[in-house]
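K.L.:
Below: one structure in structure tokens.
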Amino acid sequence: MADKKIKIGINGFGRIGRLVARVILQRNDVELVAVNDPFITTEYMTYMFKYDSVHGQWKHNELKVKDEKTLLFGEKPVTVFGIRNPEDIPWGEAGADFVVESTGVFTDKDKAAAHLKGGAKKVVISAPSKDAPMFVVGVNEHEYKSDLNIVSNASCTTNCLAPLAKVINDRFGIVEGLMTTVHSITATQKTVDGPSMKDWRGGRAASFNIIPSSTGAAKAVGKVLPQLNGKLTGMSFRVPTVDVSVVDLTVRLEKAATYDEIKKAIKEESQGKLKGILGYTEDDVVSTDFVGDNRSSIFDAKAGIALSDNFVKLVSWYDNEWGYSTRVVDLIIHMSKA
């Protein structure tokens, strides 16, 4: 298994689906074999993949349509399906062992399990799930057991918050904390005021408002780090930027620590066990500096502040699209070795 490429299929070619495809196609240890999306043609799929307003044009190899069921990335053929019902997608025939479920629709265990009927061996849901086990790379992926066929990669915000919370809790202990994420626009929002029965504020124009919103990201940290269960909660502000978000974690510490000691601990971890997952910067950065950053969480040492040795506000950036999509692939690689 070690030298063989891991074969992956993607269901749903939206923001995350397309970026997961970009991540896969730039790596040597994984291979994209199939994409399913019932709502777009292969021609349109090519266009959407090739041109990206945030991450720029695809420049790694030529992409063309071979026929209505096949895309060519350079010489590499990728099978295209347009099937609505997940259990009818012939993943097995396409050779896909892992399926990335990125439609945003089939996020619970039973719905995602439909992919197994078509021959997939494992499914990774690229969203939080109410009942599938959630894994955050760098935090709890070592708890994955090979008999788990359906897992969730949690949310982009949980992937940013959990590594930071883990370091702080391991080193200083968290009594309790509140998180705010200042979060870029996502596809569920509206370009102008429109109907949104479940979330009235969420129906207001995305490019013109700061919109308070709920997020389960902080509570989900309690699922991946049980020792923090019930100690964290949070909310979100949706703001008119297209990508990159930032977590503000305000915590009460068990063990008194100066802000410099906290910085030192985070810096150490960012160069050690969490290298590539948790970053550390003392530069005067702003959000666009993190477009295309593949780390889950980049701690901004200059932006945080301490009120006392037991009460601090910590700030950490994340490319909520690219960083998260990279983790989806990392989780698959980890699962394949289990």
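Going from the start of the chain as shown, residues are counted 1 onward.
Glycine residues also receive a Cβ, built from the backbone N, Cα and C atoms like all the rest.
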K.L.:
Please identify which of ASP37, ASP108, ASP300 is recorded by Swiss-Prot as part of the NAD(+) site containing ARG15, ILE16, ARG84, ASN320.
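P.N.:
So the NAD(+) site in Swiss-Prot includes ARG15, ILE16, ARG84, ASN320 plus, from the candidates ASP37, ASP108, ASP300, ASP37.
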K.L.:
SER155, CYS156, THR157, THR186, THR215, GLY216 bind D-glyceraldehyde 3-phosphate in Swiss-Prot, but which of ARG171, ARG201, ARG238, ARG252 does that record place at the same site?
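P.N.:
Candidate in the recorded D-glyceraldehyde 3-phosphate site: ARG238.
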K.L.:
If you count CB neighbours within 10 Å, which one among the binding-site residues THR215, GLY216, ARG238 has the smallest count?
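P.N.:
Counting other Cβ atoms within 10 Å of each of the binding-site residues THR215, GLY216, ARG238 gives the minimum at GLY216.
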K.L.:
Taking each of SER155, THR157, GLY216 in turn, which of these binding-site residues have a Cα lying within 10 angstroms of the Cα of HIS183 (site 'Activates thiol group during catalysis')?
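P.N.:
Among SER155, THR157, GLY216, the ones whose Cα sits within 10 Å of that of HIS183 (site 'Activates thiol group during catalysis') are THR157.
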K.L.:
Can you check how the pLDDT averages out over the region 'Binding to NAD' (2-153)?
P.N.:
96
K.L.:
Could you pull out which residues elsewhere in the chain have a CB under 8 Å from any CB of the region 'External loop' (56-75), counting only those six or more residues past its ends?
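P.N.:
For the region 'External loop' (56-75), the list is 22, 25-26, 32, 35, 41-43, 45-46, 49-50, 81.
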